[in-house]
Amino acid sequence: MNKGSTFLRKFPDSFREMSKLRTITLIAMLLAVSVVLSFFTIQVSESLRLGLGYLITATMGMLFGPVTAGIAAGVGDIVKYLIKPSGAFFPGFTITAILGGVLYGMVFYHSRVTLVRAIVAKTLTNLLLNILLNTFWLSIMMGKGFWALVPSRVIKNIALLPVEILLLYSVLRIVTGIVGKLPSSPVRPIPTVQKK
């Protein structure tokens, strides 16, 4: 089986995950954690705040694939808004959340967690979703020109990228190690180097 067909199998495999009680239970628990995390941010500097919700989305993508993670991320976005509304509801950000789940699922589902994959996943998320798509949604909401908003968004996303990549890689490795030891684990355990 070539890499292309293996990659495409992630979607039907992920779709089948939704029929499992274990998946629904874990997704519910992860969404609860995501809601709690939405109340907290890490103040990196006076103008930079780091949110941690993407770590839950990436975990769902790694465990359950692009379809399930996308749907769960969309539901999570709506639940977070209902619990902690900030302005008018805008469905564009829900679309971004869904695409984030899909992207993380495409990169990490049925794949080993590597630093390269973490770099690719977070860079694509920051570039395509945070800088381009979310800036587009903000320009619609605020009635400002897209390009007027881009510079500050680029600076923020580039400044936070190294920390976000390191956190993403570390958390997914930890989750893989924990979940990989469970019976009928949804992830492949990380191979360890055998001492001779």
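Cβ atoms here come from the backbone N, Cα and C positions, even for glycine.
A TrEMBL annotation is a machine prediction, not a hand-curated record.
Given the structure is predicted, the values throughout are model-derived calculations rather than measurements.
Record features (TrEMBL):
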- 21-42: transmembrane segment (TRANSMEM)
- 54-76: transmembrane segment (TRANSMEM)
- 88-107: transmembrane segment (TRANSMEM)
- 127-147: transmembrane segment (TRANSMEM)
- 159-179: transmembrane segment (TRANSMEM)
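Between the transmembrane segment (88-107) and the stretches 21-42, 54-76, 127-147, 159-179, it is 54-76 that has the most C-beta pairs under 8 angstroms. At the 8 Å Cβ threshold, with sequence separation of at least 6, the transmembrane segment (54-76) comes into contact with the transmembrane segment (21-42) through 3 or more pairs.
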